[in-house]
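Engineer: Dropping the structure in here first, questions after.
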Amino acid sequence: MKWYELGEKAIVEVTKTDRQHGLTHKEVKARQQQQGFNELTEGEKKPAILVFVEQFKDFMVLVLLAATLISGLLGEYIDAIAIIAIVVINGFLGFFQERKAEKSLHALKELSAPQVAAMREGKWVKLPSKELVVGDIVKFSSGDRIGADLRIMEAKSLEIEESALTGESLPVAKQIKALPGDEVPLGDQDNMAFMGTLVTRGSGTGIVVGIGMKTAMGQIADLLQNAEVMITPLQRKLEQLGKILIVVALALTVLVVGIGVLQGHDLYSMFLAGVSLAVAAIPEGLPAIVTVALSLGVQRMIKQRSIVRKLPAVETLGCASVICSDKTGTLTQNKMTVTHLWSGGMTWRVSGTGYEPTGVFSREEREVDTRSEKPLQQLLVFGLLCNQTSISRKDKEYVIDGDPTEAALLVAAMKAGLTKENIQKQFTIIEEFPFDSTRKMMSVVIEDASNKRYVITKGAPDVLLVNSKNILWESRQQTLSVTVHNEVKGAIDQLASQALRTIAIAYRPLGDHESVHTENEAEKDLTFLGLQGMIDPPRPEVKQAVKECRDAGIKTVMITGDHVITAQAIAKQLGILPKNGQVLEGTDLSKMTQEELEEVVDDVYVYARVSPEHKLKIVKALQAKDHIVAMTGDGVNDAPAIKAADIGIAMGITGTDVAKEASSLVLLDDNFATIKSAIKEGRNIYENIRKFIRYLLASNVGEILVMLFAMILALPLPLVPIQILWVNLVTDGLPAMALGLDQPEDNVMKRHPRHPREGIFARGLGWKVVSRGFLIGAATLAAFMIVYDNDPDRLQYAQTIAFATLVMAQLIHVFDCRSEKSIFDRNPFQNLYLVGAVISSIILMLVAIYYPPLQPIFHTMAIAPREWLVILGLASLPTFLLAGSLLTRKPS
Ligand code: ATP
């Protein structure tokens, strides 16, 4: 179908839609059944069975299975079956971990999928683009990603960037007229909007004409499917570490086997023991546990209202040293209420809070009737006309559709009995030039009943002043002399110093034949009318969050398009701006070179009247000073800075698709305090990963060393293969996972950010692994030797004791791993998962030791009660000997 050839009527007919009301829910259901969902079909998914089988592809596991098979053939059935059972259970564990990781990553993808606005049964609704069907009427504006192929029906200064489809990186201006002609290439179909392309300017509506694989994007979808799976820096480091550990474990195993054979052990039993040891000592589950810990952390973050879009951000969060935050909506509530109005030297106040349209106007403390105050009336009416927002009442509450700044103007006018509907009966809006944060203003062209046309502009007062030639002073037009100019400036500063956000309104009558097509033509030679000042209260939780960040060594910087004095006032209220802190304005920033900015960047806490382009400059300067920068943003123009920041943060509510896609973190509630929670969680996740790495590796070192020491001392094997595998599965498995769910230490937000290049074993972790591992091995061997006493008849009993000591030593040590300082630093009952995991491990151990049918399988014997004193005494030594002693820290 050549949709671009058809006019509106034909499109409506072909797609069987209703231009005014859109489709009905019933019709949508029917079409979805017929046409399917608006999705690009994903590539083949790996079947579950394959994921399961892959758990066994590990070389050492294969060797173990082969060795087990041989021992089975040699008649050691029990051993063989037990070993295979353990290997299979291990395989299941790995399988479930991998599945869980995959699922949560998928869920993340869904969560961050873009939403679209569609007309259903006469109402605009937000829905996932997946639900669009042919015939849906959709609207879109700057920053949106187009959800399906559309034939455009309305276009206001609409430009769309189609590089994903055509390779052309410059945005294309769009229009609505049908295009005659046979074969119009995709790039020239300027009345169409294609799925996956980005609206960079203006707004529009369209009718869906193609969905899913039937879109232009669907045709090339295969090319897009091989999106790479992102792994975090830590995962990459662990992959490298894993390779080293395999070599080390193998080398040590060979050493154990070699020495054992030299000391007279038979080759076969040494081989099986060696292979079991290698399987146990190689932390093959580590990457999966890390992924699970990361994704569980990510799920916890969702509960705290932030979505991680790129997994590496979880780690980077813990390194953040500066947060650059937008003001409006992030530090403040973005619930604006006009409280002051100014025109021609007069100031009015208006009472009321929120969007409730009740309040009274007063001048010099005396109530006034707005109808008798002409400049005030005019200010309110123009605020209504130059306004794209609407307000409605829902369940006793007023809800707005649009921009809170504009809503405040609507409400102020409503307090004077003026409504948009009534005013718009008297004037027709013929042209709109939407607001953008670089221009910092917006305009409309209106026509009154006598066909007279005016431009009305509203925007940042300092900008509007520059664009104004005249001023209306007590209903008389004057030229804007230097004195008057200064007086207006004084009024602006006066409002701003009370932390009010200020909007100025100006206008210009148009000559009969004068035409305006661009905003530049419209927004010049204006007549300045007056100001409206509105409060935007700070979010109550932000002050505390800023303080917590400061304690955590993280600086908060405010970046705002707002007036410098307003910004300063709010920054002071929130504790962002310290006594000697500097404030920089956009105009100063523009003049500075990158190097000049770098010189002062550490002292600047507030950037005011900036344009989105400045943000990139700020990020780069901070990064040049070795900062790890988190930067928030919401608009299309914020995307470059969000991308360049170490942690790009987009707003979930007010953010555009473009900003969200560039970001690595999305704040569901647009709240600064959520960034702090995310950083805390990021730090905790990293610490938890360190905790279980520490636990697993120290356990493995202990397992290897007990065998190595025994061989060197010409002793029999202190543990049989099945016991080693049991320890690997039970003792190392559950508690390690529970450590991944540990609560943060009290001081996580009291420490300085982690250095991004810090290695896994930094801050004494390597030393802890080796020292604890050594002592666990030594304690186990000691228990074995005390009981064995060179009496071959007592070998199995001594092995059972060694097994119990090793298990208990690890289970005590696991609590030590919860703290960077010492085991006494934390309440062991805080992490109930861990307590549960430890208790289950102990029960499973007792079953393996005391349950007669299992004794032949695990080569165990019932341990006499008093022997437990020896076991527990020796098992607690490694942890308590080192807790708080000098050995806790690596001797320097
Ligand atoms: P932040 O960057 O903190 O989120 P902001 O909302 O203050 O900030 P912008 O949206 O870029 O930044 O607004 C800059 C200025 O433009 C405001 O101070 C205000 O004077 C003016 N302004 C904001 N919204 C509108 C609007 N809808 N119409 C006209 N002018 C506006």
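In case you wondered, yes, glycine gets a Cβ from its N, Cα and C as well.
The model shown is predicted, which means the values in this text are computed figures rather than measured ones.
Checked TrEMBL, it gives:
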type	residues	note
DOMAIN	2-76	domain 'Cation-transporting P-type ATPase N-terminal'
TRANSMEM	56-74	transmembrane segment
TRANSMEM	80-96	transmembrane segment
TRANSMEM	244-262	transmembrane segment
TRANSMEM	268-296	transmembrane segment
TRANSMEM	692-714	transmembrane segment
TRANSMEM	720-741	transmembrane segment
TRANSMEM	769-788	transmembrane segment
TRANSMEM	794-812	transmembrane segment
TRANSMEM	832-852	transmembrane segment
TRANSMEM	868-887	transmembrane segment
Engineer: The transmembrane segment (692-714): which same-chain residues, six or more beyond its ends, come within Cβ distance under 8 Å?
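Structural biologist: Residues 238, 245, 249, 252-253, 255-256, 259-260, 263-265, 273, 277, 280-283, 286, 289, 293, 724, 727-728, 731-732, 735-737, 739-740, 760, 765, 768-770, 772-778, 780-781, 784, 802, 806, 809-810, 813-814, 817, 878.
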Engineer: Any contact between the transmembrane segment (794-812) and the transmembrane segment (244-262)? By contact I mean 3+ C-beta pairs closer than 8 Å, pairs at least 6 apart along the chain.
Structural biologist: no
Engineer: Report, as numbers and ranges, which residues of the same chain sit near the transmembrane segment (720-741): CB under 8 Å and 6 or more residues beyond its ends.
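Structural biologist: For the transmembrane segment (720-741), the nonlocal Cβ contacts are 79, 82-83, 86-87, 89-90, 93, 272-273, 275-277, 279-280, 285, 289, 292-293, 296, 688-689, 691-692, 695-696, 699-700, 703, 799, 803, 806-807, 810-811, 814, 817-818, 831, 833-834, 836-838, 840-841, 844-845, 848, 857-860.
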Engineer: Could you pull out which residues elsewhere in the chain have a CB under 8 Å from any CB of the transmembrane segment (244-262), counting only those six or more residues past its ends?
Structural biologist: 60, 270-271, 273-275, 277-278, 281-283, 697, 700, 704, 707-708, 711-712, 717
